[in-house]
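Chemist: Would you mind keeping the following structure in view while I ask a few things?
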Amino acid sequence: MHVLFIIDPLPLLKAYKDSSVAMMQALQARGHTLSVALQGDLYIDAGEVRTRFAPIALRDGADLHGHDWWRETGAADEAPLARFDAVVMRKDPPFDMEYVYSTHLLEYAQQQGARVFNSGAAIRNHPEKLAITEFPDLTTPTLVTRDMARIRAFHAAQGDVIVKPLDDMGGTGIFRLQRSEPNLNAILETLTDNGTRTIMAQRYIPEIVKGDKRILLIGGEPMPYSLARIPLAGETRGNLAAGGRGVAQPLSERDLHLARTVADRLAGRGLLLVGLDVIGDYITEVNVTSPTCFVEITEQTGFNVPEMFAVALESAAG
């Protein structure tokens with residue numbers, strides 16, 4: 001297969017721990033050809049969705065901590081997305097309007113015969129914070145609003161809550177508001193931009209000290225290990241980008257129940273790869289844009305997550 005990755009600039013990736021790079025390694029090892037494009041390389045001309053792209057290969061034995069782990073194998077070119085055997089959307093959030101426009105282009109490309117994973121419509125229809133509202137029986141009490149009075153009432157009722165923006169990643173903009181929080185109003189004014197920006201509030205889950213678990217669904221199947229991202233002392237965010245420590249562990253019975261319930265519900269929606277965030281017994285996010293933790297789980301357990309993704313992509317792309 002010729003696989004196109006729509007991805008952030010390669011020099012900016014931390015290749016040694018980047019899940020997209022791990023995917024590329026697995027696909028290249030299985031004999032597939034790789035190309036990359038940036039989000040801004042997508043365009044429509046005369047009704048056809050096309051992209052500028054660069055064919056690449058990963059260097060054998062390269063130090064992934066350096067900057068020469070990949071090489072271009074030919075001149076940059078342009079082609080319709082439908083010409084590739086598979087298009088893998090791996091652009092990281094924020095999920096801004098440019099991202100939304102990209103999902104529309106990907107959806108149009110699919111209508112023209114492109115095979116896109118995750119599909120443009122599926123990414124757009126499952127915003128990562130909001131998607132949990134489809135599963136109220138699997139989540140902690142949750143409120144989505146920009147009404148500061150409503151958030152204050154929710155906080156008063158729950159006593160200890162987490163508030164966060166809907167369109168960020170890596171733990172950015174997340175606050176814990178305990179009952180006696182003296183800066184409650186200032187935090188809400190900032191996050192909601194004085195009541196003009198919708199945010200999410202959730203009852204605090206004390207099991208965060210044991211880790212914010214990332215559970216991966218690939219081709220509708222739960223991977224047997226999660227990565228528990230354990231917060232630094234004094235932190236409420238387990239995200240690795242916020243300094244959390246990742247510890248791989250087998251799925252518990254509850255984890256497996258959550259994963260299978262979500263997988264069954266999402267079946268047939270164009271989501272080849274999903275990352276569930278689980279704290280305690282509850283799902284806190286459903287990640288569909290650029291789920292990570294492939295490398296950490298593989299290195300700690302020996303279970304080859306990138307290989308599983310490559311096999312699933314081959315099957316899905318036909």
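Using the three backbone atoms N, Cα and C, a Cβ is placed for every residue, glycine included.
Sharing the features that Swiss-Prot gives for it:
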- 129-314: domain 'ATP-grasp' (DOMAIN)
- 155-211: ATP binding site (BINDING)
- Glu285, Asn287: Mg(2+) binding site (BINDING)
Chemist: Taking every protein chain in this structure into account, which of the binding-site residues Val163, Ile187 has the most other Cβ atoms within 10 Å of its Cβ?
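Modeler: By the 10 Å Cβ neighbour count, Val163 comes out on top.
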Chemist: Between His155, Arg179, which of the binding-site residues has the fewest other CB atoms within 10 angstroms in the structure shown?
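Modeler: Lowest Cβ count within 10 Å among the binding-site residues (His155, Arg179) is Arg179.
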Chemist: Find, among the binding-site residues listed as Gly195, Glu285, the one whose Cβ has the highest number of other Cβ atoms within 10 Å in the structure shown.
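Modeler: Result for the most crowded candidate: Glu285.
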Chemist: Using the alpha carbons only, what distance in Å do you get between Arg179 (ATP binding site) and Glu285 (Mg(2+) binding site) once rounded?
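Modeler: Roughly 24 Å, rounded to the nearest whole number.
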Chemist: Given the binding-site residues Gly171, Ile187, Arg203, Gly211, find the one whose Cα is closest in space to the Cα of Asn287 (Mg(2+) binding site).
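Modeler: Of all the candidates listed, Gly171 is nearest in space.
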